[in-house]
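Enquirer: The feature site 'Transition state stabilizer' is assigned by TrEMBL to R17. According to TrEMBL, the feature active site, proton acceptor maps to Y22. The substrate binding site feature in TrEMBL is assigned to N71, H77, D84, I98, S99, R108. Positions annotated as active site, proton donor by TrEMBL: H97.
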Amino acid sequence: MKLLIINGPNLNLLGTREPEIYGNQTFKEYFNDLQKKFDSVELSYYQSNIEGELIDMLHDARKEFDGVILNAAAYTHTSVAIADAIKAIETPVIEVHISNTHARESFRHKSFLSPVVKGVILGFGLKSYDLAIQSFL
Ligand code: DQA
């Protein structure tokens, strides 16, 4: 099983970015923990702050991966283009968020991605990624 985790804008700053919301751990540290925990899964990780690069990565993933775990961050709430990319590929995509976006500002309540993904996991901190991996097993 080959899974790709894609993180969108500002998630490269996890660990120092608004730690009261997103925690103190860097994603690199957490990703190492995930690799140890799910040693039967081939996990890859990609992060970009650029919308078009996230779309290119989704297109590329259709050939290589059994599934994608996507935290599109703020693009979740704005991007018709990322939603279209998800629709364009057959690879199942799980939408994840670290925070419970429904408990935050109203502009975070709308997701362009939720209607086109296989499932959504949000609000469990970094554990949301762990739960998304489990959904493929
Ligand atoms: C986020 C929630 C988004 O609203 C926000 O823009 C992010 C992170 C989350 O993981 O909780 O950057 O996707």
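Including glycine, each Cβ sits where the backbone N, Cα and C put it.
Relative to the rest of the structure, where do these features sit?
Expert: With a cut-off of 8 Å between CB atoms and residues at least 6 apart in sequence, the same chain places N10, L11 near R17 (site 'Transition state stabilizer'), listed in sequence order.
Y22 (active site, proton acceptor) falls within a helical segment according to DSSP. Using a 10 Å Cβ-Cβ cutoff, Y22 (active site, proton acceptor) registers 19 neighbours.
DSSP classifies H77 (substrate binding site) as helix under the three-state reduction.
All chains included, 21 other C-beta atoms sit within 10 angstroms of the C-beta of H97 (active site, proton donor).
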Enquirer: Please work out which residue of N71, S99 has the most C-beta neighbours within 10 angstroms of its C-beta, and give that one of the binding-site residues.
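Expert: In terms of Cβ crowding, the pick is N71.
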Enquirer: What whole-number Å value do you get for the CA-CA distance of I98 (substrate binding site) and Y22 (active site, proton acceptor)?
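Expert: About 7 Å separate the Cα atoms of these two residues.
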Enquirer: Should we count any of the recorded positions Y22, D84, H97, I98, R108 as near ligand 1, judged by a CB under 6 A from one of its atoms, and which?
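Expert: Only H97, I98, R108 qualify.
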Enquirer: Given the recorded positions N71, H77, D84, H97, S99, which one's Cα is the least distant from that of Y22 (active site, proton acceptor)?
Expert: S99
Enquirer: Determine, to the nearest whole angstrom, how far the Cα atom of H97 (active site, proton donor) is from the Cα atom of N71 (substrate binding site).
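Expert: Here the two Cα atoms are 6 Å apart.
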